[in-house]
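Asker: Grabbed the feature section from TrEMBL, which reads as follows:
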type	residues	note
BINDING	A:Cys200, A:Cys207, A:Cys210, A:Cys216	[4Fe-4S] cluster binding site
DOMAIN	A:51-198	domain 'HhH-GPD'
Amino acid sequence: MTTWADVERESPLARTRRARRMGRILAETYPEAHCELDFRSPYQLITATILSAQCTDARVNRVTPALFARYPTPQALAAADPVELESIIRSTGFFRAKARNLIGMARTVTERFGGEIPRTLDDLVTLPGVGRKTANVVLGNAFGVPGLTVDTHFGRLVRRFGWTREKDPVKVEFAVAALFPRRDWTRLSHELIWHGRRICHAHRPECGICPLARLCPSFEA
DNA sequence: ATCCCGAGGG
DNA sequence: CCCTCTGGAT
């Protein structure tokens, strides 16, 4: 068992080795970890990802067929009637803010990026409704650019694991990147997020069935 | 009641 | 740091 006292006195090298052991177990436990949003283009992915805020991917996937039939391109979405768009995405929650952001995103893409979804983090985060997390999801899953997508699951887990004590998502991202300089960061993100949803919940984590328990200082019997 | 693979704004 | 936006699932 690994205790917090162990973590306090473990060397940077020992911490790296422990983290990588845990990372290997995650990869073995979730070999199929992937983005669960349905999409066929960067435009569809960025749109679906904006909708996925505070909403399960399964529910997003229920509205995207109608959404992309009605607005097949950024140009079409940029010209959308807000009320009609809201009616399509209503069931994903936050529909007013999301509709506003979607139209703003599509307008910015058409007006400033020639109708193409930008391929850099700096450009993506200028789009309305796109923060660093959404930007990294798009980069990783639509453009094959490795990146850590630090959401609430990701941050909670790596702090519980004792990989870092940082709370700021950017600092968390850099700390984890330093621990896994040569791993597929997109996949590692999905593995952590799947684990957060399936076992390492915010409340009442299921340590009893967790394959990482032996290496985790937050293990509770 | 509480939670969803957030983002923007004060 | 906090708050708000929002609906549906459990």
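Backbone N, Cα and C define each Cβ position, glycine as well.
Automatic prediction, not curation, is the source of TrEMBL annotations.
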Asker: Using a 10 Å cut-off, grab the number of neighbouring Cβ atoms around the Cβ of A:Cys216 ([4Fe-4S] cluster binding site), all chains included.
Answerer: 22
Asker: Can you tell me whether DSSP puts A:Cys200 ([4Fe-4S] cluster binding site) in helix, strand or coil?
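Answerer: Going by the DSSP assignment, A:Cys200 ([4Fe-4S] cluster binding site) belongs to neither helix nor strand, so it counts as coil.
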Asker: Taking every protein chain shown into account, which of the binding-site residues A:Cys200, A:Cys207 has the largest tally of Cβ atoms within 10 Å of its Cβ?
Answerer: A:Cys200
Asker: Give me the count of other Cβ atoms within 10 A of the Cβ belonging to A:Cys210 ([4Fe-4S] cluster binding site).
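Answerer: So the number of other Cβ atoms within 10 Å of A:Cys210 ([4Fe-4S] cluster binding site) is 19.
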Asker: For A:Cys216 ([4Fe-4S] cluster binding site), what is the secondary structure state per DSSP, taken as helix, strand or coil?
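Answerer: Assignment for A:Cys216 ([4Fe-4S] cluster binding site) reads coil.
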Asker: Given the recorded [4Fe-4S] cluster site (A:Cys200, A:Cys207, A:Cys210, A:Cys216), which additional residues of the same chain have their Cβ within 8 Å of the Cβ centre, ordered by sequence?
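Answerer: Close Cβ neighbours, site residues excluded: A:Arg160, A:Ile199, A:Pro205, A:Glu206, A:Leu212, A:Ala213, A:Ser218, A:Phe219.
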Asker: For the domain 'HhH-GPD' (A:51-198), would you mind checking the mean pLDDT of the predicted model?
Answerer: 96
Asker: So, in DSSP terms, is A:Cys207 ([4Fe-4S] cluster binding site) helix, strand, or coil?
Answerer: helix
